[in-house]
Amino acid sequence: MTQTEKYRQLRTMIPEMRRVRRIHFVGIGGAGMGGIAEVLVNEGYQVSGSDIADNAVTERLGSLGARIFIGHGADNVSGVDVVVVSTAIKHDNPEIAAAKEKRIPIVRRAEMLAELMRYRHGVAVAGTHGKTTTTSLIASIYGQAERDPTFVIGGLLNSAGTNARLGSSRYLIAEADESDASFLHLQPMVTVVTNIEADHMDTYGGDFEKLKSTFVDFMHNLPFYGVAVVCVDDPVVRELIPRIGRQVVTYGFSDDADVQALNFVQEGHSCRFTVRRKGKDDLSLKVNLPGQHNVLNSLAAIAVATEDDIEDEAIVKALAEFQGIGRRFQHLGKFATPNGEVMLVDDYGHHPSEVLATIKAARAGWPDKRLVMAYQPHRYTRTRDLYEDFVEVLSQVDKLVLLEVYAAGETPIPGADGRALCRSIRQRGQLEPIFVASPEQLTSVLPDVLADGDLLLCQGAGNIGALSRELAATELGFAKVENN
């Protein structure tokens, strides 16, 4: 069977979708949007999309045959059958207005993902933290077991060189986004809930009980024969278990977990541990990821694979050979600078719990290194809502360079900006943070901060990821200093 024939065969899963020929994405450059677009391109649809700037996602989609527009305009939706919108897109976007005027259906990203999942065996991974890593680990195990899954991930799976892939099997493994409650569109066979914390609370009217109930509703989207895989170590998830009217498999370090981790040891960038499962032999494992939080992510993947009768050999091999995900404790190299050797790591975590987990992983793996963090807060609302948590967590590094908040389209909030956060950390008295008003100044500041043996951790969900790559290209800013 040729590749084209394989894709044509997949399209017959949803015969009515054959009426749809051209699909347009507004905000196509995001990882989640781009991933779905890539799957649809490979299924044979004519895909177009727009974004405010070119990036690696748009370049890849263009190379696959998608038509990419830089900038938003009403003419971009001419002749399309459906428009898919990102949650980041405002209602007054000209393409949205034009689609409404032309009576073109407008759907959210999760609705399109739900259509891809409708006639497949869907595995949907939800939770405040760990979604991308857990989804990537599950996809890697299924790939190792030759299940050839389709996957849509919110980060670059290094082994595949992409964050999305169209497989030939019935499996679809994807992240489920709770940020706008759109994960309620999904109808999976297996759900994973890694943890539940207060985040994206504007979606839930500031009501944490509503957030918890929405997660229960998400798990009740399972058929009666489906399985909810949940982390029993998380106190909120544990509290919700009696409310879940489906089969539940628990995982964690807790003694009552169905899939339990024992004998955890971190060795640099890797972790070793033993897995105990009910009715199964214990497994001795190594996962090529640092930190106790990544052992939990691994347990979730192991629980899903075990429920699907995947061989232990495939699980062990996939975890040991896992090549990581872009911007998830991504080691960008060691650099010999005039001040000495510095190790550079890039990480996407932007919630206090995620930042703390990254700090703990760095401390456990490299206890002798001084930890220098360049942190860029993400969204004014998150900074406001979790302000004291950020002050406490960011005070735990050895040296802090604090950037201004990455707005992500939000209006600045007085008292929730980078300067205010820097001032509060200074008043706490554990360290003297350095405030950087614009990202471009980071490369000029670091040469005066770094010393031999440091671990430099670039942390955040905004454009600090691009800054970390620039740092790697300029020898952590020293090359710029020498050229001036």
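From the backbone N, Cα and C atoms, a Cβ is placed for every residue, glycine too.
Copied over from Swiss-Prot, here are the features:
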- GLY127, THR128, HIS129, GLY130, LYS131, THR132, THR133: ATP binding site (BINDING)
**OP:** Excluding GLY127, THR128, HIS129, GLY130, LYS131, THR132, THR133, please set out which residues of the same chain place their CB within 8 Å of the center of the CB atoms of the ATP site, keeping sequence order.
**Re:** VAL125, THR134, THR194, ASN195, ASN297
Subject >> Nonlocal residues around GLY130 (ATP binding site), in sequence order (Cβ under 8 Å, 6 or more apart) >> reply: THR194, ASN195, HIS293, LEU296, ASN297, ALA300
**OP:** If we count other C-beta atoms within 10 Å, could you say which of the binding-site residues HIS129, LYS131 has the fewest?
**Re:** HIS129
Original post:
So which of the binding-site residues is most packed in, judged by how many other Cβ atoms lie within 10 Å of its Cβ, out of THR128, THR133?
Top reply: THR133
**OP:** Look up THR133 (ATP binding site) in the DSSP assignment and reduce it to helix, strand or coil.
**Re:** helix
